[in-house]
Amino acid sequence: MDSNSATRRPLLQDIADEANGEDHEELHKLSSRVIRRTTVLLQSRARHEDGPDEDEGARAGSTTVEAICNLVIATAGGVGMVTLPGTFSVVGYLEGFFLLVISGVCAAVSLIFLNMACRIKNENEGYASYGGLVAHTLGSLGSYTLEGLTLLYCFGQVLAYVSAVGGQLTFLSGWLGVPRNQSAAASTGCAAALMFFLSLLPEESGMRFAGALGTFCVMVIVGTVVLGDGVSALHQGPCSLASSPAVPRAFNLTASTMLKSFPIFLFSMNASVIYVPVRKEHRAGGAGPRQSRTLIGCSLVLSGLLYLACSATSYYAYCSEIPENVVDVWPIEWIPGAIARSALSMELLVAGGGIYVPLARASLQHLIRGPQANAPASPLARACMSFAFVSLGAAGSLLLRGALTLPLAVTSALCVTAQMLVLPGLILRKAHRKPWCRALGTAFALAGFMLGALSLLALFGAL
């Protein structure tokens, strides 16, 4: 028996051992690497500066600003920015505001629970990944559950992104005179092919580029909504850009509609998986517990304000006529709208091919080979897995006729409630010995499970 085999420990023993100094960061290494590369875009300079004259307060402040930017970019830099306005129009402006606030509170509690659990291991740094934290506290069952949820979540994202890009290509074809029933399938296939080829590019550069491009595109979309529609509507009055007479509505007041819509709000504010690597970088740069609380509060407030600015402005301008993808409200002849459509399509293609397909590949490898797998797949295996994921996403898009909100809502009800509510609650229950902490974690996890189950029932028409 060679020395490596003699010293290699069984996976279950590795996960169950909670002794001090035990390293669980080798677990979920493939998927954690993808998440880190796409969330920690700004790396702390302070961790590399050891000069004796360095002001610790200034260093911690600089590190905190960088961490807040990372978390805001990762939270608000996705497809939620174009789907949330349409959800606002369904539930009403005041109910939408309340649901956004409730989602923000849920996200804050989730991050506080994760922060408490991370501090148990090491006050200064903690865990490098959400997967490492889950493996340490919830064992092998939690590890496999997390990877299964991640795989399903990535599939939902790929499906929605193919639908969104295919929808833009179909819209362009219609503007050029091609009937929709003739161009829909071809547009979806073209979007899937582009995403597939992007997924074969070198992963590290693709992931970094996807994160940076997402930031730029979100700012273009928010700027177009606020400076374009917002300024026009402000001069003409509420609902003035709607095609037919309309009045603002504050509430929908039906439980079924609220349960169908709430997963989109949770999806938009979800920061649980991405928080742990951002926290690791933040604490390694010299930040303390007070800065961690500042990171959680400021990042969620800023993300919520970005979503609110886009959604509230769109609702003020169009009221109930906002489509499920807000960029579809603009005519293609309007140059700012055409730029926003192009920016969204580029963002979703690059994010799908550079983030979610690689993350799905990594999760599938962990499900097959175990959370301890750390060797990347061969080029042929990568190509086959990428083709399978993108093809299934294209097939799902055609089956759902290009629907964007439904796949996001379903995967949010299944996966985001688990990642954001259930798992953090169970982690707190397992990590802490105080009875009140264990009870609080259990209640949070049960509430998340019930919310996800009720939302799924509502989405499939059972409520």
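One is the number of the first residue shown, and numbering goes on along the chain from there.
A Cβ is built for glycine as well, from the same backbone N, Cα and C atoms used for every other residue.
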Looking at 1-27, 271-297, which stretch does TrEMBL describe as region 'Disordered'?
1-27
Hey, which of 68-91, 261-278, 380-400 has the most Cβ-Cβ pairs under 8 Å against the transmembrane segment (299-318)?
68-91
Same-chain residue ranges lying at least 6 outside the transmembrane segment (97-117) that approach it to Cβ under 8 Å:
84, 91, 130, 133, 137, 258, 261-262, 265-266, 268-272, 275-276, 279, 292, 296-297, 300-301, 303-304, 307-308, 311-312, 420-421, 424-425, 427-428, 431-432, 437, 441, 444
What else in the chain is close to the transmembrane segment (184-202), if you only count residues 6 or more beyond its ends and a Cβ gap under 8 Å?
158, 161-163, 165-167, 169-170, 173, 349-350, 352-354, 357-358, 382-383, 386-387, 389-391, 393-394, 397-398, 401-402
Report yes or no: does the transmembrane segment (209-228) come within contact of the transmembrane segment (68-91), defined as 3 or more CB pairs under 8 Å with a sequence separation of 6 or more?
yes
Most CB pairs under 8 Å with the transmembrane segment (158-178): which of 261-278, 406-428, 440-462?
406-428
What else in the chain is close to the transmembrane segment (406-428), if you only count residues 6 or more beyond its ends and a Cβ gap under 8 Å?
79-80, 83, 106-107, 109-110, 113-114, 116-117, 130, 133-134, 137-138, 142, 145-146, 149-150, 152-153, 155-157, 159-160, 163, 260-261, 263-264, 266-267, 270, 272-273, 396, 400, 437-438, 440-449, 451-452, 455-456, 459
